[in-house]
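> Can you read through this structure? Questions will come right after.
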Amino acid sequence: MPKHEQYFDYVKINLASPERIRQWGERILKNGEIVGKITKPETINYRTLKPEMDGLFCEKIFGPVKDWECHCGKYKSIFYRGVICERCGVEITESQVRRHRMGYIELAAPVTHIWYLKGIPSYISILLNKKVKEIEQVVYFNAYVVLNPGKSDLLNYGVILTEDDEKWPYIEEKLYTKELMDVELGIGAEAIQRLLSDLDLQAEAKTIREILISNSDKKKNTQKRAKLIKKLRIINNFIATKAKPEWMILSLIPVIPPDLRPMVQLDGGRFATSDLNDLYRRVINRNNRLLRLQEVFAPEIVVRNEKRILQEAVDALIDNGRRGRIVVGAKNRPLKSLSDIIEGKQGRFRQNLLGKRVDYSGRSVIVVGLQLKLYQCGLPWEMAIELFQPFVIHRLIHQGLVNNIKAAKKLIQSNDPIIRDILEEVIQNHPVLLNRAPTLHRLSIQAFEPILVEGRAIQLHPLVCPAFNADFDGDQMAVHVPLSLEAQTEARLLMLASNNLLSPATGQPIVTPSQDMVLGCYYLTVDNLKNQKGKGSYFINSEDVLIAYEQQRIDLHSYIWVRFDTFSFDDILEEKNIQQVLYKREIDEFGTVIKVYNTRRIREDKDGFCLTQYIITTAGRVLFNKVVQKALIMEI
């Protein structure tokens, strides 16, 4: 069969009407027969290993198990495509249709959709202005609701009545007398459906808006205002999507295609099946039992109990464990419901739809790149040659080094020295994207200029770690190569790490020293009285200090005197509120004054002009000052 690509802009998820659910599952065959309704809980016949008719794997409803072959075996060829078998009623088509054809279960009694009853917020309770517990009592047959108060002064429309209510004995006694003859009480999901269908959304929205406008003092009744706003928002959503509130009560259950809930035969004749099949089977069994009880006019208390059990079975199918006991399978393992399949990290959306495998991407552990600039990352040679292979092959052919792709790949596999030079040319001005999961904000994906490095770890500048919320204790990051020129331009202009210095959430700098960098700065500038090697030595400039440190004549933390004539330290000392203590004052034979303080030594002439100035510091602080000064000069 020809395959047609379907293009779409977005996926819209909203409430489905009973007619829409029936439309999903129901089909009219060429012979006029309507199929789609599942009435039997059976899956496959244990003798023939073929699907049971009208069961959860029915070939008439969902399509043939084998391509171009019907259930009974009368037709076994593509030649009969589209033919409906006279014996079994199966359409001759591809087995692939079992991945998208749906069925439905028609319920003997309406049930509440648990997402809208027990979800946060509870849509049903907000629309009906009731507590969730009250709605729950009605749904699970523990309380009544007044659907029509009639002429009674005791009752009001929508009031919840339980057997513990003080009015209940009187109402129960007089319910079928003339006094309360026109009073109508309801119980179960049918009663909630009736209340929801009686709602006039347009009128409700108008009333709420008038209340909100008239209530000018916003400080009073803040909680009441918030409830009204929440209700108005829900009503507006229903109006905008053209959905009706009573659709939150289900009368039809859609059954997903059988190939999405498969049953697989294992070695030894046993079968492994999806948990959904067990949950669907529970619903069908209880639904069929309720139908039989209704047919034989069973007592109301028995029918109500069966309706409650059906409600619980549907709850378990939609969201197992949301309410009541968790339905378990073999070895007390909770069965995976539809919600469990959809939600969470391993769910359908995050795992299969958003988390797809990507070409031209790699993944490795991150380590510190000491020599890197902020906008650079160290890319391992092995990873780079794989990611940029198409560009390398193109360059090899373009330069005439090889004639075809096969020869180029052979040259790459042989690790020819020319490949490294070609790769260096290719990655120049070609940014790569680095992503660290979880991608919580836009700074979790940034662009960097790759630098080829040895080893197998990706090297990263430590200043960009706060943006990625990364550290170097085994974190992994993914690399992606933007292929098109437009993608490369966008990566360079918008996503380069040096262009993302501020947090989009707060506006505060996000490129801040942290962890190892802070520890290193602290270690360079800290006092350490144990390291006394070269203590008290004099140096003419900072270069001499660093040479002496490299020659191990002084320790990193030894206090030394360094000549520093550039400017006076008085302003800095005042700003830092550092007290100067004059230890000694001498006048030499030339009349120059030598002042020795706790932080510096000054030599002044007769007029008080500073001739030389030595400050007390350490080799670590000199090194720190030099690095910071160099970085500032480079930025300027």
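Cβ atoms are placed via backbone N, Cα and C, with glycine included.
Straight out of Swiss-Prot:
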| type | residues | note |
| --- | --- | --- |
| BINDING | Cys70, Cys72, Cys85, Cys88 | Zn(2+) binding site |
| BINDING | Asp471, Asp473, Asp475 | Mg(2+) binding site |
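How about a rundown of where these features are and what they're close to?
Of all the Cβ atoms in the protein chains shown, 21 others lie within 10 Å of the Cβ of Cys85 (Zn(2+) binding site).
DSSP classifies Asp471 (Mg(2+) binding site) as coil under the three-state reduction. Here Asp471 (Mg(2+) binding site) comes close to Cys465, Gln515: these same-chain residues lie at least six apart in sequence, with C-beta atoms under 8 angstroms from its C-beta.
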> Counting Cβ atoms within 10 Å across all protein chains shown, which of the binding-site residues Asp473, Asp475 comes out on top?
Asp475
> Name them in sequence order: residues not among Asp471, Asp473, Asp475 whose Cβ is within 8 Å of the mean position of the Cβ atoms defining the Mg(2+) site.
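Here the nearby residues are Ile366, Ala470, Phe472, Gly474.
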> Report, in whole Å, the straight Cα-to-Cα distance of Asp475 (Mg(2+) binding site) from Cys85 (Zn(2+) binding site).
59
> For the C-alpha pair, I'd like the distance in angstrom between Asp475 (Mg(2+) binding site) and Cys70 (Zn(2+) binding site), rounded off.
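Cys70 (Zn(2+) binding site) has its Cα 54 Å from the Cα of Asp475 (Mg(2+) binding site).
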> Rounded to a whole number, how many Å is the Cα of Cys70 (Zn(2+) binding site) away from the Cα of Asp473 (Mg(2+) binding site)?
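With the alpha carbons as reference points, the distance is 59 Å.
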> Using a 10 Å radius around each Cβ and all protein chains in view, which of these binding-site residues has the most neighbours: Cys70, Cys72, Cys88?
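Answer returned by the neighbour count: Cys70.
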> Give me the sequence-ordered set of same-chain residues, not including Cys70, Cys72, Cys85, Cys88, with a C-beta within 8 angstroms of the centroid of the Zn(2+) site's C-beta atoms.
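Other same-chain residues with Cβ inside the cutoff are Glu59, His71, Gly73, Lys74, Tyr75, Glu86, Arg87, Gly89, Val90.
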